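Colleague: Take a look at this one; I'll ask things after.
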Amino acid sequence: MHKILTSQSKRPLVWLAVITVASVLPLAMNDPYWRYLLVLTLIFGTLAISLDIIIGDMGQFSFGHQALFGMSAYVTAILSVKLDMPVGPSMVFGILFSTLLGFIVALIALKRARGLYLAIITLGVGQVIQVVMTSWYELSGGISGIPMVPPVSYYSSTNGWVPLYSELGSYYVALAILCLSAYVVHAWRRSRNGRAVAAIRDNEQQSSALGINPYWHYVAAFTLASALAGVAGVIFAHFSGQVGPQSLGLYYMFWLLVMVVVGGSRSLIGPVVGAWIFVFVPEFLSFAQEWRTIIFGALLLVTILVLPKGIIPSLQDSLTSWMRSKGKDAGALTPNSLTTKTK
C-alpha cells in the first residue's frame, strides 16, 4: 500500500517536471526559426494525440483525420479573412465545424464499418473534401489557398482582440492547448465512455453481451477526436498565416500515422515525441540534403522494427524492468504515469 501511495504521489511531480522543461525550452533558443519548429511540434503533437484516440483507444483506423484538421483551419481562415470576423469567434466556429463533421462521419461510417472498411470510408471522405476545397476557388482560394490569416489573438477589455505576433507568445499558447488536450484525453480515458471504448476494443461481442453499446460509445470517441483535431487545425491556421489544400491531403495523414506509431500509441507523451521526430529530425539531417529523405525513412524503419510498441512505451518497459530488478519503486515511471494507457 505504501508503494502504491508513493507511486501515485510521484506522478504529478513527473508531469510538473515535463511541463517545466517545456516552458523554459524556447527561452534557450533565440533563433525564431527554431521557436517556429517548436510551435509546429506542439500543434502536431495535439493532432497526433487526437488521432491516437481512434488508433489506440478504439483500435480503428481513420485515413481522413487530416481532413478534420484541415477543414477547421479553412473555416477559421474564411471567417477571419473573408468575413472579417474576430479571431477568437472564428476559431470557435472552426472547432465546432470539425466536431460536427466528425460526428456526422461517425454516425454514418461506424454504423456498420470497422477496421479496413472504416479506413477506406474515411479515406474517401478525406479525398472528397480535398477535391471540393481545391475546386471551390471563390470560397477556398483553390490551389493557392487563403493567405494573410491573422495571428492568434487574445481579448483585452481595453483594446479588444490583440494579436500575438511573436513566436514566443504563440509557443505558450500552443503549449497550453497541448497540455489541456492531453488532460482532456487523460480524463476521458478514465471516464465511463473511455473505459467502455477500451472494453469494446478488446472484445466487442463480449462488451455487447454486457450491455455496452459499441456504436454510440465509438461515435462519442470519434467525435472527441474530431474536436481535438479541430483545435489543432485552428491554431495551425492562425500560426502559419495561410491555409491550403495540402493540409487536407494524404501527406499529412501518412505522417500523422508515423507520429502515433513511432512515438507510441495509447499514450500521451508518445504522439508528441513522434511529432518532434517529424519536425526536427529532417532539420538535423539538412547536412545531407540529397539523402535526407532516405536516411529519415531508414531511421523510421529501424525504430519500428526495434521498438514495435513505439519509443516511449518501449523505453518505459525497459526502465521499469531495470528498476524492478534493482528492487526500486518503479510505479512512478510505469506507463500510467506518463502515457495513461488503457487496458
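Each Cβ is built from the backbone N, Cα and C atoms, and glycine gets one as well.
Straight from TrEMBL, here's the annotation block:
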| type | residues | note |
| --- | --- | --- |
| TRANSMEM | 12-29 | transmembrane segment |
| TRANSMEM | 35-55 | transmembrane segment |
| TRANSMEM | 67-85 | transmembrane segment |
| TRANSMEM | 91-110 | transmembrane segment |
| TRANSMEM | 117-137 | transmembrane segment |
| TRANSMEM | 169-188 | transmembrane segment |
| TRANSMEM | 215-239 | transmembrane segment |
| TRANSMEM | 251-281 | transmembrane segment |
| TRANSMEM | 293-312 | transmembrane segment |
Colleague: Can you find at least 3 Cβ pairs under 8 Å between the transmembrane segment (251-281) and the transmembrane segment (215-239), where each pair is 6 or more residues apart in sequence?
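Modeller: Contact between the transmembrane segment (251-281) and the transmembrane segment (215-239): absent.
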Colleague: Using Cβ atoms only, state whether the transmembrane segment (67-85) and the transmembrane segment (293-312) have three or more pairs under 8 Å that are 6 or more apart in sequence.
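Modeller: Contact between the transmembrane segment (67-85) and the transmembrane segment (293-312): absent.
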Colleague: Does the transmembrane segment (215-239) reach the transmembrane segment (35-55), going by 3 or more CB pairs under 8 Å (6 or more apart in sequence)?
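Modeller: Judged by the Cβ rule, the two regions touch, with the required three close pairs present.
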Colleague: Using Cβ atoms only, state whether the transmembrane segment (35-55) and the transmembrane segment (117-137) have three or more pairs under 8 Å that are 6 or more apart in sequence.
Modeller: no
Colleague: Which residues of the chain, 6 or more past the ends of the transmembrane segment (169-188), have a CB below 8 A from one of its CBs?
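Modeller: Those are 19, 22-23, 26, 35, 38-39, 42-43, 45-46, 49-50, 52-53, 151-152, 194, 224, 228, 231-232, 235, 239, 268, 272, 340, in sequence order.
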